[in-house]
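> What Swiss-Prot lists as active site, proton acceptor is Asp70, and the listing cites sequence analysis. What Swiss-Prot records for Phe13, Gln71, Glu155 is site 'Important for substrate specificity', and it gives sequence analysis as the kind of evidence.
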Amino acid sequence: MKYPLILASSSLFRQSLLQKFNLPFDTFSPNVDESALNNETPAQLVKRLSELKARAASKHFSKGLVIGSDQVAVFNEQILGKPHNKHNAVKQLSLFSGHSVTFLTGLCVYDLTSGESKTCIEPFNVTFKTLTDAQISAYCDAEQPYNCAGSFKSEGLGICLFEKLTGDDPNSLIGLPLIKLSQLLAEFGLDVLSAQSNTPLS
């Protein structure tokens, strides 16, 4: 393939999504500080971090198209990060119960050869059911979504937390908006469909 693909993420969920393109790719885990800067908006944060993650590939690779992605949950104009433990996950889900939450996913494609990058932000809205304390606790014990923005895994049992999903690409909720990604790759000359002629279908 003319452009090797590199995913700047150790997330198995993002890797699984990228496999839908049926193209070979490498992965690496970018080591970046994900803390928000002073007065940084949620959109600015995910844009900056997706770019930082993609550009970190220059330490490991010399050529290729690097895909960087970052996601935050926004509720009442506040950024909610990963919960890291059950206490914080229960607290987040209790806040979300009966309300809508916006998830912003920053996506960056960075060309290691030219240094050019293209970035976009994909919003997705989730309306939660009214949940009981017992339901929230049972969900957290079952799926332990402590490293996930929003304290859930929508690709698993987390789907049962929702009343409604609104957005252009449900893949963005898992962390990698594939529709936008295919468009950005095409802008760099990599058409995912045309590239299938060199890639056996699995």
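Cβ coordinates are placed from backbone N, Cα and C, and glycine is handled just like the others.
From a predicted model like this one, the values you see are computed outputs, not experimental measurements.
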> List only the single closest residue to Glu155 (site 'Important for substrate specificity'), chosen from the recorded positions Phe13, Asp70, Gln71 by CA-CA distance.
Phe13
> Quiz question: given the recorded positions Asp70, Glu155, which has the greatest number of C-beta atoms lying within 10 angstroms of its own C-beta?
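Highest number of other Cβ atoms within 10 Å: Asp70.
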> Please classify the secondary structure at Phe13 (site 'Important for substrate specificity') using three-state DSSP.
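Looking at the DSSP assignment, Phe13 (site 'Important for substrate specificity') belongs to a helix.
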> Tell me whether the residue listed as 'active site, proton acceptor' sits in a helix, a strand or coil according to DSSP.
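Note: the residue listed as 'active site, proton acceptor' is in a strand by DSSP.
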> If you draw a 10 Å sphere on the Cβ of Gln71 (site 'Important for substrate specificity'), how many other Cβ atoms land inside?
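I get 26 for this one.
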